[in-house]
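Asker: Please find one structure pasted underneath; my questions will follow.
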């Protein structure tokens with residue numbers, strides 16, 4: 001009797017597909033992340049024995065506009081780990097989520113594949129400043145106004161999310177405490193009320209500076225101006241607001257003697273909230289060196305009309321007069337111009 005030793009080799013066939021430990025995964029990139037930053041992804045495993053059938057390659061399926069690419073990192077044990085690479089900075093306000101597909105393919109013939117859906121969330125950073133709906137608010141308040149109703153609701157928006165996009169409203173430091181005491185500002189809603197100690201006979205106009213601030217760790221803010229005209233009858237006088245290019249004070253500005261004719265000195269906006277002819281306004285400036293150029297029905301620019309010479313005259317007083325077309329009520333503003 002003879003005993004033969006027979007060695008049998010079992011050839012591996014590609015009867016296993018690569019497998020990811022789960023079908024989907026969620027990862028996060030921040031707006032603060034830079035190009036080249038990487039996040040490792042789940043790797044797939046193939047139960048086949050042969051090197052060829054168990055060797056896995058990876059690719060991502062995405063559109064050309066999505067700023068991601070793929071790299072492979074080899075571990076010490078020879079396992080390949082796919083890594084997602086950021087190719088450009090992200091902006092959550094433009095797009096806050098991406099969905100990619102990671103495909104694993106073995107080396108069999110024909111090859112078998114598996115896919116992993118990758119959900120990418122863009123984490124917000126506080127990179128947007130609150131923006132008011134208006135840079136300037138001009139309002140009129142009648143002596144018949146009811147104190148429990150707001151005289152104005154300020155609105156600002158912030159494109160950031162979470163606390164970075166939450167806005168609170170405050171009096172800016174440019175609003176004096178003597179003026180603040182006549183008004184009440186709701187920090188959450190932006191509603192502006194008259195204080196109980198407000199007296200209509202005290203003053204004809206008020207200028208407030210309101211700040212909108214977000215709740216980020218390093219809060220961002222913006223400021224708007226509120227011009228309030230107090231009226232005691234149905235026909236109110238026009239309200240003039242002047243923004244100088246080179247202000248010296250609220251009512252004076254500096255002008256260079258080198259200024260050419262038509263040089264821009266100030267932006268003039270006039271407001272009259274009355275209706276009909278009472279709200280139609282005409283403004284005029286009578287002077288041989290300066291004039292108003294109309295931009296819109298209630299907007300003007302103040303420009304140089306004639307040559308200036310400081311040695312001849314170093315100071316001018318100019319009066320801008322605006323009147324409505326109702327029962328005439330004039331509003332004038334004297335401006336000191338120094339060269």
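Glycine too: its Cβ is placed from the backbone N, Cα and C atoms.
Grabbed the feature section from TrEMBL, which reads as follows:
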- 21-132: domain 'Cadherin' (DOMAIN)
- 133-240: domain 'Cadherin' (DOMAIN)
- 247-332: domain 'Cadherin' (DOMAIN)
Asker: Could you tell me how many residues in the domain 'Cadherin' (21-132) are helical, how many are strand and how many are coil under DSSP?
Answerer: 4 helix, 54 strand, 54 coil
Asker: Using DSSP, break the domain 'Cadherin' (133-240) down into helix, strand and coil residues and give each count.
Answerer: 8 helix, 46 strand, 54 coil
Asker: Using DSSP, break the domain 'Cadherin' (247-332) down into helix, strand and coil residues and give each count.
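Answerer: Per DSSP, the residues of the domain 'Cadherin' (247-332) fall into 4 helix, 45 strand, 37 coil.
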